[in-house]
Amino acid sequence: MKQVIIATKNAGKAREFQALLGKRGVEVKSLLDFPNCPDVEETGNTFAENAILKAEAMARYFNTTVIADDSGLSIDALGGRPGVYSARYAGEEKNDQKNIAKVLSELEGVPFAKRTARFHCALAVAAPGRRTAVVEGTCEGYIAEKPQGENGFGYDPIFYIPQKGKTMAQLSAEEKNQISHRAKALEKLDKQWDEIINGKE
Ligand SMILES: O=c1[nH]c(=O)c2ncn([C@@H]3O[C@H](COP(=O)(O)OP(=O)(O)OP(=O)(O)O)[C@@H](O)[C@H]3O)c2[nH]1
Ligand SMILES: [Mg+2]
């Protein structure tokens, strides 16, 4: 089976890539399969910049094609926060529960109609000696009043999707993978897939 390295240490993302790429006939390795690989500092101001930083560093490290995902949640009533700080919003230890609690407390008293938000996903494809490509996807929703659902990861329990009448964490993995920011971004790589895997020009 064809293989690609996804430069992520996030188990939730790795699981989604396994499902999304598995149905495209591609086997996924994540950085969780390489425990000694270095951390990359996310110093960019945008999802795209951070995705490029991670993908290029890991393409150099592995000397092969690597895809990195930088993603997060933008909440309109908070001026776009937590944005690129989504993973570490409530502190460097990257705690999903604390991040959710911080968002909910900042939105206290904000009515549902003003709780609009979107997930962003930027994917960078980097390979030694080649120009890095970036694609992006988004998913629109509202921040719920309280967490609901057990599936997914991160902010999924408070991300309400009106078309489904459910939070992202109440959707099955298959349902999330039909509509997510990550799925939308990956679709944009579909025409380039042979090239990504085989490294052809
Ligand atoms: O509810 C969610 N559903 C999603 O589908 C999703 N995608 C991203 N996120 C949040 O945004 C941060 C990304 O930060 P991030 O891109 O730096 O990833 P990370 O630091 O967790 O891992 P890595 O890929 O950098 O190794 C993550 O931690 C999550 O909190 C999501 N939350
Ligand atoms: Mg990160």
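From the backbone N, Cα and C atoms, a Cβ is placed for every residue, glycine too.
Binding of substrate is attributed by TrEMBL to Thr8, Lys9, Asn10, Ala11, Gly12, Lys13, Phe153, Gly154, Tyr155, Asp156, Lys176, His181, Arg182, and within the candidate set Ser71, Ser74 the record adds Ser71 to that site. Of all the binding-site residues listed here (Thr8, Asn10, Ser71), the one with the fewest other CB atoms within 10 A of its own CB is Asn10. Screening the binding-site residues Asn10, Gly12, Glu41, Asp156 for a C-beta under 6 A from any atom of ligand 1 leaves Asn10, Asp156.
Cβ neighbour counts within 10 Å, taken over all protein chains shown, single out Asp70 as the most crowded of the binding-site residues Glu41, Asp70, Asp156. Taking the Cβ of His181 (substrate binding site) as reference, residues of its chain lying under 8 Å away and at least six apart in sequence are, in sequence order, Ser71, Arg118, Phe119, His120, Cys121, Gly137, Thr138, Cys139. The binding residues for substrate are recorded as Thr8, Lys9, Asn10, Ala11, Gly12, Lys13, Ser71, Phe153, Gly154, Tyr155, Asp156, Lys176, His181, Arg182; their greatest pairwise CA distance is 20 Å. Each of the binding-site residues Gly12, Gly154 was scored by the other Cβ atoms within 10 Å of its Cβ; the lowest score goes to Gly12.
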